[in-house]
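Going by Swiss-Prot, these are the annotated features:
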type: DOMAIN; residues: 2-146; note: domain 'Globin'
type: BINDING; residues: H63, H92; note: heme b binding site
Amino acid sequence: VKWSDKERAVIISIFAGLDYEDIGPKALSRCLIVYPWTQRYFGSFGNLSTPAAIMGNPKIAAHGIKVLHGLDRGVKNMDNIKDAYTELSILHSETLHVDPDNFKLLADCLTIVVAAKMGCAFTPDTQLAFQKFLAVVVSALGKQYC
């Protein structure tokens, strides 16, 4: 993947400005509420029976934060994202058996949450760079499924 200097700067700036403890739980909660079939991977996380239960679930919040910290790996390894996610790809494909389509769903939910937080600063150019980055990460996470 080729990254322009502008794309790199935008991605680094977005992640530097995110409150992971706010954005991570909101993005994962949104995914589990909007796409309820994704809840099947979180059976050990307790009550997921209602949107309020999901949004108030501390295990969901903690995992959402963990996901955002996992994206730091991509930000720090933009020239080698596929290799940076090999371990996580193996974990999600071989151990957790996560449907790789769910990575895209979560990326879409993250985009919505980040856009809502950034407001007018989430310009089309910003969205372009952000979604390009997430698409590369999603592809890297799914590479072990092939």
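Glycine is no exception: its Cβ is also placed from the backbone N, Cα and C atoms.
Predicted, not measured: the structure shown is a model, and the values here were computed from it.
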Reported mean pLDDT - the domain 'Globin' (2-146): 92
Mapped DSSP class for H63 (heme b binding site), helix or strand or coil: helix
